[in-house]
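Step one of this worksheet: look at the structure below.
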Number of protein chains: 4
Amino acid sequence: MRFLVIGDVIGRTGRRAVKEVLPSLKEKLSIDFVVLNGENLAHGNGITKPTFEEVITAGVDVITSGNHTFDKKEVYTIIDDERLLRPANLPPLAKGKGFNTYEKNNKRITVINLMGRVFIGIPLDCPFRTFDEIYNKVKDTSDYIIVDFHGEATSEKQAFGYYVDSRATLVFGTHTHVQTSDERFLPKGTAYISDVGLTGAYDSVIGIKAPQIIEKFITGMPVKYEPEEGRYIFQALFLDTEEKKLKRIQIKEGESYEL
Amino acid sequence: MRFLVIGDVIGRTGRRAVKEVLPSLKEKLSIDFVVLNGENLAHGNGITKPTFEEVITAGVDVITSGNHTFDKKEVYTIIDDERLLRPANLPPLAKGKGFNTYEKNNKRITVINLMGRVFIGIPLDCPFRTFDEIYNKVKDTSDYIIVDFHGEATSEKQAFGYYVDSRATLVFGTHTHVQTSDERFLPKGTAYISDVGLTGAYDSVIGIKAPQIIEKFITGMPVKYEPEEGRYIFQALFLDTEEKKLKRIQIKEGESYEL
Amino acid sequence: MRFLVIGDVIGRTGRRAVKEVLPSLKEKLSIDFVVLNGENLAHGNGITKPTFEEVITAGVDVITSGNHTFDKKEVYTIIDDERLLRPANLPPLAKGKGFNTYEKNNKRITVINLMGRVFIGIPLDCPFRTFDEIYNKVKDTSDYIIVDFHGEATSEKQAFGYYVDSRATLVFGTHTHVQTSDERFLPKGTAYISDVGLTGAYDSVIGIKAPQIIEKFITGMPVKYEPEEGRYIFQALFLDTEEKKLKRIQIKEGESYEL
Amino acid sequence: MRFLVIGDVIGRTGRRAVKEVLPSLKEKLSIDFVVLNGENLAHGNGITKPTFEEVITAGVDVITSGNHTFDKKEVYTIIDDERLLRPANLPPLAKGKGFNTYEKNNKRITVINLMGRVFIGIPLDCPFRTFDEIYNKVKDTSDYIIVDFHGEATSEKQAFGYYVDSRATLVFGTHTHVQTSDERFLPKGTAYISDVGLTGAYDSVIGIKAPQIIEKFITGMPVKYEPEEGRYIFQALFLDTEEKKLKRIQIKEGESYEL
Ligand SMILES: [Fe+2]
Ligand SMILES: [Fe+2]
Ligand SMILES: [Fe+2]
Ligand SMILES: [Fe+2]
Ligand SMILES: [Fe+2]
Ligand SMILES: [Fe+2]
Ligand SMILES: [Fe+2]
Ligand SMILES: [Fe+2]
């Protein structure tokens, strides 16, 4: 099975990157299943029905999210769509669902969305034990288990990878909007990366207009953030489970790339 | 000189408390100078011109603030009013000013607004050194120095008190919306309290509707907070510098109290 | 039933305060049951067998704790003592237990220790749901339920109070080492205070030598903290469930006090 | 000029990697100047004289550090060595120095060590303004300015990069122990990477034994961390200022690599 997972997609420029890159990339790499972190789809924060549908139409199978899932109220109209996940370790009273099993090519793929707790100011259940509980429910009915671990601290993300090593097919981190180069197969076989990175404006601070974030840091006053525009970067991770191939992808608009 | 300092005033109920309590209290205690933390005056977050004027008219001399100073854009119309302060240890590029000297009864009173850095997610300069700098500027032209130290951690607030002991007339903490009972004269004479407390709805969670804050904690989803209404509590601290008297004040609507 | 709960007891000076004050106070107020937060008993951090026994001998029934429970390895020799609790919302794999039911005067008293999650860097389960689970286990076999909610943020502590209002007999906050003056009976009857405060050296920063904490803040370098000595303050909360009386207690060494 | 900067070096395995890789790498790439972040040199935390000298002898010119600089008291014996830096935005009372200018090949190279403030629990001055101050002092006497920005949040690191773009020769992030793949020349010419990564045990959680970090997360109790051993990874960034070449380096023990 060939998976592609796409890091946090930021606003209009990020969506444009998905639409321009994904269809041909799926063909070139014969990709079977695509997961995309969509918490920043709608103008940098949250998800709306049109932005959700825009990337689904481009070829995404499942959209995961994170701390920005509920930033835009419009998300409530699609929160029960089976292709949309929010972190499974939100409290049980949170709307939406944290994992789901999908069928593709006669295989059952379970996608689990989790969120780290270090430096994330949201009341969350333990992601380690939440994984254990979900795993026990789905292990006998899943051919592949894919985890989006949305988190800040590298120690927590890597510790989680080792914790689920051999049980998950792939653990990919999201949230920092910066791709890491630590992709690998862990000792017992789980494919892992700390962060898939950013799909959005290249000349930006994590997808946002640089002057706005600088202004926040040097004035200490509230600043409205807006997604940067212009040239995009598309960042993703490709996993071929048969060929045991794991490859980071970075495609800059207008530049050639090798796969 | 007789000072009254009033803790974070929350929304309409808090402003009503100020208007109903302050005028007669000033008379009874022959208060010369009143400082009020107003960061939550406008519907629980921020300050507007009408809410600013409402409490000034009720008898307040200076309004200090904190992490919510700039929550409402309307504050920019009054940010240069000499009676409004924001934390002095915001970066130099922040709008507004952090201290000022006022004349009352032929005495010069300098009020300094500072913010603690522990658990406060704002880029702030060192409040200890910022005090030193301001102190060196104003010490020869001030008869009294009053500090509103807006902060979360008790260790930082008490450490600051000891750090400025003998140099400041009074250090009063704000921000937690809960009054502490540790008012005292520090060893070298500075009057001190860790938090003056709340002026707002009594049956509330720090001035806000309890069910809303509970919902946030048990669902992990965004919840809009609104100030609670109903019976008020008015919390303040009274300092008489001549008589060396320092007294916490708690006035619950409809209940008698002793001064 | 008459309860006394004692705030964080800091080091040798705190233990001395307990030994000098508690026996006569129990007699004067005919106290039936005493709970004491002991996370700082042993030189300011952690608990050892001798310090544990010292306060038990002075008349304490149950010792609760918090983020410093395991600071000293010696605690493992007493962690299974039925009179010692650690936060119940630590992960299930943590040593020790988070609640217990005690018999006194033919009544069954359940004491629950919980820890808040805001600004506390420890991986904790939801204290709200942990309370629900324990409550369902013990409600039919408990005459009184006492909760030590060890936490930093006033919003979380007060929200918890309202959440368990009518279910708990008493919720008392600990951890900030500063007593708050918001003790009250909540609308449905639960007795509540945000923080019981400090039992330790009076002329200190939260029980620690002031110059050491100041040094930490102004140098940014590691500083070893030691409990301050000298005159003590003893802070506690008294609840008489029959007479519906709730009273904060502050006893400064060498000063008279009224009860 | 050809620079090599090496990410956080963790314990004995990290030092071994430096000794085995650096000398030949310097030769192959004709490297003129080497900076290494050494805050974790001594058994994973802090720096001692022998560990300092070990990497200096291997060919390092300057050792920068971060939040662990003062973890081991032994550092005070070398803190005034001109080749050792600690973050320049520590308070002025902190021991050591935050920048220095070195001569190499008749060129003057200023190295500045800064620390980010987001999610870092240390009282720090503004790194943006600290850079401005240092820059104004050294710009006329420096041919190259190299900045180690030790920080957690990607937004702060990238914002800093844009803030100093054209003024610094190179900004390299450290602290997360995971290499990022966002190396680039910023629009005005400054070379940048968010994190150089880890030099230490490859099969580890950020250089530490995985089971220990997992235990911390799933038990909530204190766990002693120790550096992992075994196969190393050496991570660095190479900058050739003349050829405008910027290249990430990852060398795994026992594997071939291309430069
Ligand atoms: Fe994101
Ligand atoms: Fe996120
Ligand atoms: Fe406030
Ligand atoms: Fe505040
Ligand atoms: Fe404590
Ligand atoms: Fe504590
Ligand atoms: Fe490090
Ligand atoms: Fe670090």
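Every residue, even glycine, has its Cβ placed from backbone N, Cα and C.
Database features, via TrEMBL:
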{"type": "ACT_SITE", "residues": "C:His68", "note": "active site, proton donor"}
{"type": "BINDING", "residues": "C:Asp8, C:Glu39, C:Asn40, C:His177", "note": "Fe cation 1 binding site"}
{"type": "BINDING", "residues": "C:Glu39, C:Asn67, C:His150, C:His175", "note": "Fe cation 2 binding site"}
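Features per TrEMBL, on structure.
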residue: C:Asp8; record: Fe cation 1 binding site; contacts (Cβ under 8 Å, 6+ apart): C:Gly14, C:Asn37, C:Glu39, C:Asn40, C:Gly66, C:Thr174, C:His175, C:His177, C:Val196, C:Gly197, C:Leu198, C:Thr199, C:Gly200, C:Gly207
residue: C:Asn67; record: Fe cation 2 binding site; contacts (Cβ under 8 Å, 6+ apart): C:Glu39, C:Met115, C:Ile120, C:Ile122, C:His150, C:His175
residue: C:His68; record: active site, proton donor; contacts (Cβ under 8 Å, 6+ apart): C:Glu39, C:Asn40, C:Asn45, C:Gly46
Against chain B, in sequence order - binding-site residues C:Asp8, C:Asn67, C:His150, C:His177 with Cβ under 8 Å
C:His177
C:Asp8, C:Glu39, C:Asn40, C:His177 excluded, remaining Cβ within 8 Å of their centroid (Fe cation 1):
C:Gly7, C:Val9, C:Ile10, C:Asn37, C:Gly38, C:Gly66, C:His68, C:Thr174, C:His175, C:Leu198, C:Gly200, C:Ile206, C:Gly207
In terms of DSSP three-state secondary structure, what is the assignment for C:His150 (Fe cation 2 binding site)?
strand
For C:Asp8 (Fe cation 1 binding site), just give me the three-state DSSP call.
strand
Could you check which of the binding-site residues C:Asn40, C:Asn67, C:His175, C:His177 have their CB within less than 6 A of ligand 6?
C:Asn67, C:His175
Which of the three DSSP states, helix, strand or coil, fits C:His177 (Fe cation 1 binding site)?
coil
Non-site residues, in chain order, whose CB comes within 8 A of the mean position of the CB atoms of C:Glu39, C:Asn67, C:His150, C:His175 at Fe cation 2:
C:Asp8, C:Asn37, C:Ser65, C:Gly66, C:His68, C:Thr69, C:Pro87, C:Met115, C:Ile120, C:Gly151, C:Thr174
Tally every other Cβ atom lying within 10 Å of the Cβ atom of C:His177 (Fe cation 1 binding site).
27
Starting from the Cβ of C:His150 (Fe cation 2 binding site), draw a 10 Å sphere and report how many other Cβ atoms land inside it.
29
Do any of the binding-site residues C:Asp8, C:Glu39, C:Asn67, C:His150 touch ligand 5, in the sense that the CB is under 6 Å from one of its atoms?
C:Asp8, C:Glu39
Using a 10 Å radius on the Cβ of C:Glu39 (Fe cation 1 binding site), the other Cβ atoms enclosed count 28
